Structures are given as structure tokens and as C-alpha cells.
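Asker: Supplied in C-alpha cells, the structure appears directly below.
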Amino acid sequence: MNPGQKQEHDQYPLHDTQFVPQQMDRNSPFADPYPEDQPPPSGYDHQPLLRDNAPSYPPDPFGQPGGYPPQSTMYPPQPMGPPSPNMRYGEAPRRQPRRYKTTRRVKLTHGNLILDCPVPTPYLQAVPIKDTKEFTHMRYTAATCDPADFASQGYTLRQPILQRNTELFIVLTMYNEDEILFARTMHGVMKNIAHLCSRVRSNVWEGPKAWEKVVVCIVSDGRKKIHPRTLSLLATLGVYQDGVAKNVVGDKPVTAHIYEYTTQLSVDPEMKFKGADKGMPPCQILFCLKENNQKKINSHRWFFQAFGPVINPNVCVLIDVGTRPGKTSIYHLWKAFDISSNIAGACGEIRAMSGTAGVALLNPLVAAQNFEYKMSNILDKPLESVFGYISVLPGAFSAYRFTALQNDENGHGPLEKYFLGESQHGADADIFTANMYLAEDRILCYELVAKKKANWVLHYVSSSYGETDVPDSVPEFISQRRRWLNGSFFAGCYALFHWRKVWASDHSFVRKLMFMFEDLYNTYNLIFSWFALGNFYLTFYILTSALGAESLDPKPFSANVASILHTILNYIYILLIIVQFILALGNRPQGSKWAYFGSMTFFAILMVYMMFATIWITVVGVQDAVANADGSFTAMLGESTFRNIIISIVSTYAMYFIASFLFFDPWHMFTSFIQYIFLSPSYTNILNIYAFCNTHDVSWGTKGDNTVSTDLGVVKSKKDGSGDTTVEVEVPTEQKDINEAYEEACVELTRQVEPEVSHRDAKTKQEDYYRSFRTRLVISWIISNLILVVLITNENILASFGTFEVRSTSYLGFVLWSVAGLSAIRFCGSGLYLIFRIFMG
């Protein structure tokens with residue numbers, strides 16, 4: 001080296017270990033050609049990629065050379081002369097960045113591989129804060145342990161190192177969601193953190209520094225399953241760097257790759273960057289990329305068992321990637337815990353995304369689900385919140401108090417029961433338990449309320465909401481509801497079977513009585529759902545046959561025509577039921593898309609005729625009741641048709657309207673009510689039959705992956721002279737390479753994505769044809785509903801109870817009044833919830 005020449009050293013050691021500086025060889029072909037002490041040549045690009053918020057590119061990167069006339073082009077291009085073997089057609093290949101790696105000797109921390117990696121220069125130039133290590137370096141940890149052993153194996157996180165108290169610990173669980181869905185959720189969380197920073201008068205949040213009390217944990221289920229564009233988005237936030245992770249450390253396979261970084265950027269679903277100039281505060285991100293695909297419940301194990309005890313938060317918020325929380329929704333969830341110290345869990349409203357100007361509601365399937373979600377949030381959740389026990393806090397958007405989740409000193413408690421679901425799937429568990437743990441969040445809710453020597457309750461927060469996509473195709477809808485229905489049915493049986501556990505808790509006697517009343521209410525609902533198949537058929541049979549009854553005057557058409565229509569439609573109904581069993585026992589919904597679509601269409605047509613019969617009978621019944629009673633309402637109640645059919649139906653739907661207006665949310669009654677009515681036969685017949693006929697299928701759609709990969713590299717450890725354990729690691733160290741990888745991630749987000757066409761493989765097609773299962777549950781379900789139908793419709797059986805018309809009218813009145821009674825209980829609970837909300841917040 002010439003005297004006076006500036007000596008350059010690597011300024012970014014990967015860890016706190018002291019390294020011997022190595023002189024940079026300027027003659028190497030891999031060296032940076034423009035040292036810092038020499039000016040670069042003219043035209044050298046100093047423009048950082050994110051300085052103008054988003055990269056802009058000219059429409060034509062290769063302009064027309066001057067002096068030449070415009071050249072006409074032909075598409076597709078025609079080869080000149082004989083085709084060359086090297087000629088290639090199609091999209092130009094993407095630029096492949098080089099990976100310069102240097103072998104470094106790194107000292108292990110408590111035997112664990114931990115690396116502090118500098119973030120890309122273009123990122124730092126685009127953000128305002130760059131004075132501390134949490135903003136300039138990304139921390140990588142290669143976890144080689146089970147989640148339950150994370151803390152005991154010497155692993156730690158940045159929050160205890162920085163001595164920060166965490167009030168909110170938010171987890172985003174994902175599998176293979178794309179960058180749009182991830183950005184929708186992550187940007188929504190960032191806006192919530194910005195709202196927390198605006199609460200300057202709060203004793204907890206204390207204004208602009210509120211972000212220091214919030215940690216966002218992103219858990220991805222499987223390194224080879226994550227969407228590559230989602231990884232690119234995380235890289236542009238500074239959270240993820242390619243080439244750092246390793247498969248094996250010291251002969252131990254890595255189970256999770258943990259990246260920690262405090263980002264100052266957010267990306268909205270339109271792929272636009274938002275920073276401090278747009279009001280976005282910093283955000284502490286903990287990205288856990290699991291090596292293997294082990295299902296969502298294992299992701300929650302990393303969150304609750306590995307990271308939770310280290311961070312020790314007050315409130316944990318669970319959000320599925322794809323769900324967009326409202327701008328202040330997370331604050332309102334947290335506020336419920338702050339106001340009431342005995343709240344163990346809370347949830348907000350789950351809304352179905354309706355698209356711009358509600359265009360998605362033009363799909364009847366989406367509209368029906370929108371109505372279902374709305375009425376659940378207006379009637380069901382408020383009632384359960386008044387009792388103190390909500391049967392399910394949706395995993396898509398809910399929150400728990402971390403201390404309430406903890407097990408006792410013997411290891412028994414809510415989390416112990418919750419994580420049993422990870423080992424209770426497949427052949428190792430009985431069919432009842434395996435189906436029950438399809439809805440393990442219901443088990444967690446019950447275990448929290450029934451926790452021994454505690455008086456925890458669950459609460460619904462109507463001012464908090466999260467928006468999510470709902471299935472817009474028939475196969476996806478049926479597959480989703482199969483897991484929901486089976487899980488809720490068996491988990492409901494579990495809660496009712498263990499009703500005594502509530503009496504071992506420290507709840508007051510009045511609260512325990514309220515729980516017992518709720519158990520009776522749920523038992524009646526469970527029995528009603530068991531006989532829903534028979535009840536719906538009987539309702540159809542009785543109403544359509546009544547159009548030809550002699551007592552009905554006037555009739556819409558002659559008795560002969562009414563009888564013929566009733567017979568034909570009755571046979572069609574029975575045929576459709578048989579078809580549903582055939583499809584459910586031998587086919588996947590994806591393999592019988594048009595059969596299910598046709599079935600839904602025919603059931604909707606039958607519902608139209610059924611509604612016509614209901615309206616006609618109602619109008620005639622009211623006229624007869626008024627004429628016979630001379631205007632006396634008491635005398636009108638004596639008319640069985642008026643009392644059993646008209647009042648029960650009108651009161652049920654009237655409560656729907658009144659409750660919706662009380663919650664200032666009535667629009668679904670006008671935009672989605674009719675679609676729900678027409679699809680209600682499909683809810684009862686198609687969804688229930690498919691769910692019960694597939695109780696053998698206890699899968700989540702994914703299978704555990706236990707293989708050890710080595711594509712990231714293997715880290716081998718050895719002892720040095722001082723007795724410390726060190727490893728040799730190959731990681732990107734040249735700032736130029738780090739910057740190139742960052743720019744590649746940014747460019748990846750600007751690339752147009754071609755829609756992928758999914759194809760079924762031969763094995764799946766074969767399973768579509770050969771899967772069959774018949775259990776005693778399905779047989780008993782069919783027989784019990786069949787007996788009910790025969791008892792009511794047969795002329796000779798139970799003749800002592802009157803004629804068919806008398807028996808059918810009485811039973812229909814029982815069914816309709818049961819529906820009205822259950823709706824009345826929900827309506828009263830909804831009203832009490834609104835009253836308590838006024839006085840208690």
C-alpha cells in the first residue's frame with residue numbers, strides 16, 4: 001500500500017465480538033470501484049430507491065436513437081432466416097443479483113447463533129431516525145429449540161435488552177398469503193400504532209413514544225410456504241435479509257428463523273410506501289419464519305410459549321393476515337382490559353369486506369355471509385358478553401390478557417388445553433377429540449371462564465372491528481364451513497359435558513347461575529341444530545301442502561294444481577337431499593363445483609315457492625282472524641294459524657330489524673336479507689350434510705413437515721483457544737451486495753404478477769372419486785331426523801293426536817315459536833348489552 005493512502009476497514013461487524021480489521025484489496029474484481037475518498041465518475045447514480053416514495057420508471061427504457069425514422073414492429077416477432085438454437089421468446093429474464101459472502105468467525109451467545117446485520121443504505125437514506133442500533137441493524141437469531149424451551153435455552157429478544165415494557169403484543173399469523181393481503185393487515189396495524197401515539201393525555205401511552213410499548217410479531221408457517229413477494233415486502237421494510245439464515249447450527253436443526261428490527265416504513269395494499277411524513281411512527285417487528293410447516297396452532301405456540309414469557313406483555317392481540325383492523329380498533333380492544341381487571345379475553349366485530357360501493361354484495365354468497373356476520377355481532381355476541389362467556393373469540397381478530405392464559409404451577413390451565421390441539425390431530429386421537437380441536441379457540445374460551453380459583457370473563461367490544469374477505473365461491477365456502485361446523489359442534493359438546501368445572505371457579509353465585517342458564521340455552525340450540533335437517537323439510541312440506549288444504553280460502557290456484565305442485569316439489573327436495581349425501585361421501589367441493597352450484601340454485605327456487613306459500617297463508621290468516629274476531633286482538637290470538645305462524649314469523653323478523661336499528665347498523669337488512677333467505681336452505685341442507693359426512697376429515701388443509709433442509713447453509717461450531725464456542729458463518733458483508741438485494745426486493749414489488757392457474761394433481765383427483773366414509777354419527781343423525789319426519793307426516797302414526805292438519809300446524813307452531821323464543825332471548829341480551837355499555841363504557 002502506498003504511503004498516505006487511506007486504509008479501509010469493514011465498519012459493520014456482525015456481532016459485538018471484536019474482529020481483526022482486514023485490509024480491502026482494491027485490485028480484487030469484487031471490490032467497490034469507487035472508494036469513499038475518491039469522487040465517482042460523472043453519471044454515477046446516487047439516487048436512493050425510496051427517496052421519492054416509490055420507484056418510477058420511464059415507459060420506454062430504450063428510447064429511439066436520433067437520426068433514424070420510427071421503425072414499425074410486428075408482434076409476435078418473426079425470425080429472420082432459419083431459427084437460431086439460442087433464440088428465446090417471451091418475457092426477458094429477471095436480473096439475478098450476485099451474492100458476495102465472506103466467511104466470518106462469530107462467537108455464539110449461550111451456544112446460540114445471533115447476528116446483527118446492517119440494513120441497506122437506500123433504506124437508511126429514506127428514513128429519519130438512524131442513530132441507534134435498533135434502526136441501523138437487523139438482529140437475526142437461529143432458534144434450534146422447541147417453543148416451550150426458548151427462554152430456558154438462553155434466547156432473548158430486543159425488548160428486554162432495551163429494558164422496554166410491552167403493553168401490546170400483536171401477532172400476525174400467515175401461511176402463503178400474498179403481499180396484498182399482508183400489506184392490508186400490516187398497514188392497518190401501523191395505523192393503529194399511529195393512533196396510540198396520538199393519545200398524548202393517556203397515562204399508559206404518553207404520546208409519541210407509545211410505539212415503544214407495542215411489538216408486532218409476524219409468524220409465518222413454513223419457510224418454503226411463504227409467498228416470495230411477501231418476503232420482498234418484508235425486505236423493503238428492513239425486517240428481512242436474504243442469505244443470512246442457516247439450516248443447522250452446531251449439529252442442531254434450526255426450527256425457526258427470527259428477525260428483529262424497528263422499521264420506520266409501512267407499505268399500503270397499493271404498494272405505496274408511507275413513512276414519518278405520512279404520520280407513521282416506528283414499529284418494533286419480530287418476524288418468526290418457521291423452518292417447517294406445522295399448522296397455525298404451532299405458530300401460536302411460538303407466540304405464547306416462546307416470545308410471550310420473554311417480552312411479558314399485558315395484552316396479546318391475535319390477527320390473521322388478510323384481516324384489516326379498523327384505525328382505532330386495537331385501542332378499543334385494549335381499553336376493555338384497562339377498564340375491567342377481570343376481563344380475560346375480548347373480541348371485536350368481524351365484518352365481511354363488501355368492496356368499493358358494496359359491489360361485492362352483488363354476489364349472493366357474499367351478501368348472505370354479510371347478513372350472517374352482522375346478525376351474529378348484533379344478537380349473539382352481545383348476549384354472550386352479558387353472560388360473561390363468549391363461546392368463541394374469533395382467531396381472526398381477538399385479544400387476551402397474558403396473565404389469564406398462564407397455567408398453574410402443575411402445568412394445567414388454558415394454554416395447556418389449547419395446545420393439546422397440536423398433538424390431537426390425526427390417527428393418535430379419537431374422532432371426537434380430533435374434531436373438537438378443529439375449533440381449539442372455543443376450548444380456550446371455555447377454559448378461561450372455568451379456570452380454577454379465578455373469575456375471568458370474556459367481553460365483546462362493538463366499537464372495535466376487523467374486516468376480512470369471505471369466500472366468494474361455492475367450493476371454498478363449503479370447505480370453510482365444514483371445519484367451522486364440525487369444530488363448533490364437538491367443542492360445544494365438550495363445554496356442555498364439562499359444565500361442572502364452572503363451579504370450581506371463584507365466580508359469584510349469580511354469575512354461575514348465569515352460566516348455567518347459558519348452558520341450557522346452548523343445549524337447546526345444539527338439539528335444534530341436530531334436527532335442523534328434518535325441521536326444515538317439515539316446514540317446507542307443511543307450508544306447501546297447506547296451499548291445497550280445504551280450510552284455506554281463497555287458494556292461489558285449484559286444490560288439484562296445488563297438490564300436483566306439492567308432490568313434484570317434494571320429490572325434487574328429497575332427490576336433492578339424496579344427491580347431497582352422495583356428493584358429500586365421495587367428492588370434494590372443488591371436484592363437484594357445478595353439482596353444488598346447481599343444488600344451491602334448486603334449493604333457492606324451492607325457497608321462493610316456500611316464501612310464496614308463507615305470505616299467502618299469512619295474508620289469508622290475518623283476514624280470517626280479523627273477520628272471525630270482530631277486530632278483537634285477544635280473539636285473534638285464539639286462532640291457531642294466526643298465533644302459531646303469523647305472530648312467530650313476524651316477531652322474529654321484527655326483532656332483527658329493531659336490533660339492527662338500535663345498533664345504528666341496519667343496512668344489511670336492505671342489502672343482504674333477501675339473499676340470506678334464499679340461501680338458508682343451502683345452509684341447512686348442503687353445509688350440514690357435507691360437514692357431518694366428513695367428520696373423518698380432521699385436517700386443516702396442511703400437513704406437518706419434519707424434514708431438515710440444508711439449502712441455506714450449515715453452521716459448524718468449535719472451541720477456540722480461550723474455551724469459547726465460535727462458528728464460521730458465510731453472510732453478505734459488502735454494503736454493495738446488501739444494497740443490491742434491497743433494490744431487488746423493491747423492484748420485485750413493482751413487477752406485474754401473472755395470475756396463476758391452479759391445477760389438481762392426479763392423486764387429488766383420485767381422492768375426489770374414492771374418498772368415502774360412513775360413521776355411526778351420520779347414521780344416527782339420518783335416522784333421528786327421518787323418524788321425526790315420519791311421525792309428523794304419516795297419516796296413521798300418532799292418529800290419536802289428531803289429523804295431519806292439526807298435528808302439522810301444532811308442530812310447525814312449536815318450531816316457529818322456538819325460533820321466535822331463541823330470537824327473543826338474543827334480543828333481550830342485545831338490549832342489556834347496550835344499557836351496560838352506556839354506564840360501563
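Each Cβ is built from the backbone N, Cα and C atoms, and glycine gets one as well.
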Asker: Can you identify, from 442-462, 778-798, the stretch that Swiss-Prot calls transmembrane segment?
Answerer: 778-798
Asker: For the transmembrane segment (526-546), what are the same-chain contacts with Cβ under 8 Å, counting residues 6+ beyond its ends?
Answerer: 489, 492-493, 496, 552, 565-566, 569-570, 573, 577, 606, 609-610, 613-614, 617, 681, 684-685, 688-689, 781, 784-786, 788-789, 792-793, 808-809, 811-812, 815, 818, 822
Asker: Which residues, given as numbers and ranges, are at least 6 beyond the ends of the transmembrane segment (602-622) yet have a Cβ under 8 Å from it?
Answerer: 539-540, 543-544, 546-547, 552-554, 556, 565, 569, 572-573, 576, 639, 641-642, 645-646, 649, 677-682, 685-686
Asker: Would the transmembrane segment (644-664) count as touching the transmembrane segment (816-836), i.e. at least 3 C-beta pairs under 8 angstroms with sequence separation of 6+?
Answerer: yes
Asker: Between the transmembrane segment (564-584) and the stretches 302-322, 385-405, 673-693, work out which stretch tops the count of Cβ pairs under 8 Å.
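Answerer: It is 673-693, which has the most Cβ pairs under 8 Å.
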Asker: If we call contact 3 or more Cβ pairs under 8 Å (sequence gap 6 or more), are the transmembrane segment (385-405) and the transmembrane segment (673-693) touching?
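Answerer: Between the transmembrane segment (385-405) and the transmembrane segment (673-693), contact is absent.
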Asker: In terms of Cβ proximity under 8 Å, which residues at least six beyond the ends of the transmembrane segment (302-322) contact it?
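Answerer: Same-chain contacts beyond the ends: 143, 147-148, 150-151, 155-157, 159-160, 166-174, 177, 181-182, 184-185, 189, 215, 217, 219, 256, 286, 288, 290, 330, 333-334, 337, 395-402, 405, 415, 419, 466, 468-469.
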Asker: Please indicate, using numbers and ranges, the residues of the same chain that are 6 or more beyond the transmembrane segment (673-693) and have a C-beta under 8 Å from a C-beta there.
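Answerer: Non-local partners: 361, 364-365, 367-368, 371-372, 478, 481-482, 485-486, 489, 529, 532-533, 536, 576-577, 580-581, 583-585, 589, 596, 599-600, 603-604, 606-608, 611, 656, 773-774, 777-778, 781.
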